[in-house]
Structure formats: structure tokens, C-alpha cells
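Trainee: Mind having a look at this structure? Questions to follow.
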Amino acid sequence: MFKTISNFMRVSDIRNKIIFTLLMLIVFRIGAFIPVPYVNAEALQAQSQMGVFDLLNTFGGGALYQFSIFAMGITPYITASIIIQLLQMDVVPKFTEWSKQGEVGRRKLAQFTRYFTIVLGFIQALGMSYGFNNLANGMLIEKSGVSTYLIIALVLTGGTAFLMWLGEQITSHGVGNGISIIIFAGIVSSIPKTIGQIYETQFVGSNDQLFIHIVKVALLVIAILAVIVGVIFIQQAVRKIAIQYAKGTGRSPAGGGQSTHLPLKVNPAGVIPVIFAVAFLITPRTIASFFGTNDVTKWIQNNFDNTHPVGMAIYVALIIAFTYFYAFVQVNPEQMADNLKKQGGYIPGVRPGKMTQDRITSILYRLTFVGSIFLAVISILPIFFIQFAGLPQSAQIGGTSLLIVVGVALETMKQLESQLVKRNYRGFMKN
């Protein structure tokens, strides 16, 4: 691993991308401690025992706990992305048309997603400031009034817009997917606090049951290792489809056709489905927390909690649904079949064109079924282990966070390796 990192740092353009990404993350961490005006964050910190608060705070790298300018994190952007991508499925004809226009269409959709993020962010900021103020018995907002709420909402929306821009800069000039890297950084920054909470609850003042607590922590370590191995396995697994190129094409050797393969990942969506599933579960619980405690809000808090049987079932269903959805966003069977036909390639025994598209679609459906089930299992595995061991809520959140951290780290390393291989290939061709 250290040798790989050393190889990355020897290449100037990759080194510059890594340094740029780290600088952007430093800016993100600084912003997490810049307070919003007219807010008494200590009043909100008193409510930190709420599970949804801990989850939001973890994904924001502690920004919500400080009620900083980045308190909303990147959640509005994730929500906007989900909605816009769902609307592309023949719901809004214009979006469907743009989705088929290649790079030009993607730019239009990305721009519309930005605008929608600002609108959602402003609405969420108003609701969050008003709701959390009620939750803190009116102690959160100083000099509460319409103008105060508007100023706070504008500052929070500006913070989310800046994070969105920061993520795009990392994607364009740094390494990895910018939004995922920001979520990754937020989670990693909360790990020391989570470890401290586990140590405090399991080992401080528990000398008479020390062995039992050691066993509990050992179970947690086993769950962590299982998640790491599981994520690596599911991210690396591919199905190779045999491809034959006809004689006389640019890919065929002088003596005739060439055989190769088309690799399809078992889980082409990565950990994006988990991020989206968590964001989907957070939203109703966050809204419910604004309205105090009653039968309805209790029902929402319980049934949208992924440690509750109903919430866990919803969580698993969302992961499977988003895995299928994103598999076909990342892999377009129609475009693949068309490209193969243009290049003179075909799957042995399958006619080029529509039949090839149907074969790729069929294989992708089967692969995604396996990938989605496996992803769902390794997502809930830490929850079972942690509940069985009786560890604190922060550890349960840490299980989901770990899945995202490992997945993002793996994808980023693969991207860096591909850039290194590409650069070495270019150097070889020049020589």
C-alpha cells in the first residue's frame, strides 16, 4: 500500500491532484467550525442524544453539532440528484431527452440539479432552523424573527452551495468523486469521537465485567473486518462476456478476427446506493424531529430507523432499488450494443443490435441482483453485530459509515491506479 502511494506521489500530475484534493478538504474542515450568525449551538448540542442528530452530524463531519455554515452538509444535493434522476425515467420528457444527448445533455441536467439543490437547500434550511429552535425550546435562535430566519437560511444554503462547488472542483481537478470524497472526509473526522464513546461506554468503570466488554468489542472488530472484505469483494467482482471481432475491422489482427471480453462489474453502482438509502431514511426522521414527541413522530422515528425491523426492511429495499437504478445509469446496454456493432464486435451466438442489447441487459439484471443482495447484507451486518453486543448508537452509525468509507477509498484508489497506468502507457508510446 505504501509503495503504491509512493508511486502516486512520484508522478507530478497525480501528486498535484492529491494535494489539491487535500487542500479542498482542509477548507471543508475549516468551514465546519465557522458558526452561523444568531445561533446558540450549545442549545442544539443538548439534543445530541437523538439518533437522527448523530447520523446527520456524522455525515457532516461535526458541522451540525457546531451549527456551522456547513450544517446541512451535502444532503440537499443528494436529494436533488435522486429526484432529477428519477424524473429522467419518462416522467419529465425534457429530462428524458437530455439524458439521451450524451455529454451536452449531462451538462444541462447537472446545471438543473444545481438550481434544484439551491431551492431544496433554502427550504430545508428554513425548516431545520425553525424545527431545531422548537426542539431546543426556543433557545437555539437568538432574536428570532422572520429576518433572522431568512439570514440563517441564506447562510446555510450558501454553505451547501459552496460544498457542492467544492465537490465539483475535486471531481474536475482532484481525485475521486468530489461529493463522495466530502462525505468520506466528514465520516473520517468523526471516527476518533466514535472510538472514544465506545471506549467510555465499554471500559470506563466496568472492571467487574471487563471480559464481557472485550468480547463485545471483538465482535465489533469482526464485523468491521467482514464489511471491509465484503466491500472489496463486491467492488472487484466482474463477469466477463466473450466478444468476437470480425475480420477486417480495426481490432482484428492480420490473420483474422480477435477474441476479447467485455467486463461487467457485479456492482457497478459502488456504495452510492447506500449513501442514497441513508439520505432517504434521514429525511422523514429529521422532519419528524421538528414537531416534538407525539404518536405520529414516534412512529416515524421508529419505523425509519435502520436498527428497527421495519426501518431495516426499508433500508434493505432502498439499497436494492438504488443498486438496480444506478447499475443502469452506469452501464447503458443500448449504447454498449451500438458501440460493439459499429466496431464490428459481437457476442458469439448472438446477433448484433437489439439481441446483443437484450443479452447484456439480461446479464446485468442477474449480476445486479447478486450485487444488490450482497451490498444489503454487508450493510446490515454491522447493525446486527452491534445490537447483539449492546454497543452505543454511535457504533451503529459507524457501521454504515464504515461501508461508505471503505467503498469510497477503494474507488478512489482504483481511479488513481488507472491514471497511473494511462500515464505509463503514454510514456511507453512516446518512447
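Every residue gets a Cβ built from N, Cα and C, even glycine.
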Trainee: Membrane side check (same topological domain name in Swiss-Prot): Lys94 and His261?
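Mentor: Topo match: yes.
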Trainee: Residue list, the topological domain 'Extracellular' (137-145) vs rest of chain: Cβ under 8 Å, 6 or more residues beyond ends.
Mentor: 38-40, 43-44, 67, 129, 152
Trainee: Among the recorded stretches 146-166, 178-198, 262-282, 309-329, which has the greatest number of Cβ pairs closer than 8 Å to the transmembrane segment (116-136)?
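Mentor: Stretch with the highest Cβ contact count: 146-166.
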Trainee: Count the CB pairs under 8 A between the transmembrane segment (309-329) and each of 18-38, 146-166, 178-198, 262-282, then give me the winner.
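Mentor: The stretch with the most close Cβ contacts to the transmembrane segment (309-329) is 262-282.
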